[in-house]
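Structure first, commentary second.
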Amino acid sequence: METTSVLLNSKTIPFTFAFSRNNSRKLSFRHSNKQFQSHFSNDYILSGQSLKPIKNQPGLPFYQSTSSLRFTRTHLLSPPKCSYSGSASTDDSQNHPFLKPFKNLSLDKLKAILLQLTPIDIIKWSGILSIAIAATKWTLNLVLNPFFWMYFSWTWLFWPWFVATLLAVYGSYCFYKHSIGEASIFEQFAIVTSVFTWLTLVPPAHFNGYLQGWPFVFFFVYHYFFFFNVSVRKRLYGDYYARPHDPKWDLHPPRWSRLLFCVGVMVGHWLAAFEGPELHLIPGGWSNVGIWILILATLLMQYNSTFYLAKYSEKVVVPTAVVQFGPYRWVRHPIYSSTMLLFATYFLALRAPLSLLFVVAVCLMYYAQKAKMEEDLMIETFGEKYLEYMGKVRYKLIPLVY
């Protein structure tokens, strides 16, 4: 019996149906592209039959083979617009990159993959799925919690303790790599950021329950202050890396002294956060003009001291002359003085005068010891020139005081 086929292709429904007029009365539904590819290649290209449009159905142009076909249209749906293309169109969805892994996936392959799973694999993937579900549930509960969003804003920030803890752990790991000489630039930056976080952000957040105002400001000021040495290397040499130099200029007090200094500075910052009033009670506006002037003076003093010392030094570290310009006209160790001034400005901003006295005492004990070591080496290197400078500039760290 001769086969008769009808192909309908709609713009709104991307499927084609075909039926055969023979003894079997088969009816098939397939995607239009596949239907065109398979059906036309089999029935018309191989058999040589030509398609002729049916003109007796207005508004319903479709094609049938040369054999007669009786077609009855129902009026339940509007007539679809049909078209035929001689070449099979390419389905964009099949070429989508996210669908490529699933293109050749079949039920048999999926069954084979599942049969290859061992009990250990099942336990492992079950654990991963459970952790993912628990993390998703925790995240949704946190995001949808109105109390979280009540504190989360630009001026009142709910303090994420887990972020500070993770940052401290990662900073400790980077410090270990730095101690063995394997830390990258990013890891050195992570060390500095973790330290400044626990100096300026964590203490006031612990005692207030939120962060506002000056802690944010000094978090960035501390970064800018302590990266001046790096910026000077960039200005003089074009990169950020330290040069090899004579190790005798790497002067460090005993390890116990450095440890006590670090602990004293950390304790001083926590005492300042405890002593000072709540952050929202610290007045703003013109009453803080003096704080901003001290911040500017601190940054200028640190930058000029580092730049003049590097300008008259070999490889930024080894001095080639006795520097008597800029801040070195007032104190003999202005870099240490600017560090003390930075801490003092932060404590003044938090309104913590007793903590200010404590941290100044800690800095004086440590920097006096280190300045003594440096001056002995300078006298050994430059002799009378440095002794003459010491007689001209009598103060080590604090003008008119010490």
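Positions of Cβ are set from backbone N, Cα and C atoms, glycine also.
Under the heading transmembrane segment, TrEMBL lists 113-136 (among others).
The transmembrane segment annotation in TrEMBL covers 156-176 (among others).
Per TrEMBL, transmembrane segment is recorded for 188-207 (among others). When Cβ-Cβ distances below 8 Å are used as the criterion, the transmembrane segment (188-207) is approached by residues 159, 164, 167-168, 170-172, 174-175, 178, 215-216, 218-219, 222-223, 226-227, 265-266, 269-270, 272-274, 276, 279, 346, 350 of the same chain, each at least six residues removed from its ends.
As annotated by TrEMBL, transmembrane segment applies to 213-232 (among others). Outside the transmembrane segment (213-232) by six or more residues, the chain places 192-193, 196-197, 199-201, 204-205, 240, 279, 282, 284, 291, 295, 298-299, 302-303, 306-307, 310, 316, 338-339, 342, 345-346, 349-350 with a CB less than 8 A from a CB of the stretch.
Under 8 Å from some Cβ of the transmembrane segment (256-274) lie the Cβ atoms of residues 198-200, 203-204, 206-208, 343, 346-347, 350, 352, 354-356, 358-359, 362-363, 365-366, 369, all in the same chain and six or more residues away from its ends. Annotated transmembrane segment per TrEMBL: 256-274 (among others), in sequence order.
Within its own chain, the transmembrane segment (280-300) is flanked in space by residues 212-214, 217, 221, 224-225, 228, 338, 341-342, 344-345, 348-351, which lie at least six positions past its ends and keep a Cβ under 8 Å from the stretch. If you look up TrEMBL, you'll see 280-300 (among others) marked as transmembrane segment.
Distant neighbours of the transmembrane segment (343-368): 200, 204, 214, 217-218, 253, 257-258, 260-261, 264-265, 267-269, 271-273, 275-277, 282, 288, 291, 294-295, 298, 333, 336, 396-397, 402; these residues of the same chain sit at least 6 beyond its ends, with a Cβ under 8 Å from one of its Cβ atoms. Residues or ranges marked as transmembrane segment in TrEMBL: 343-368 (among others).
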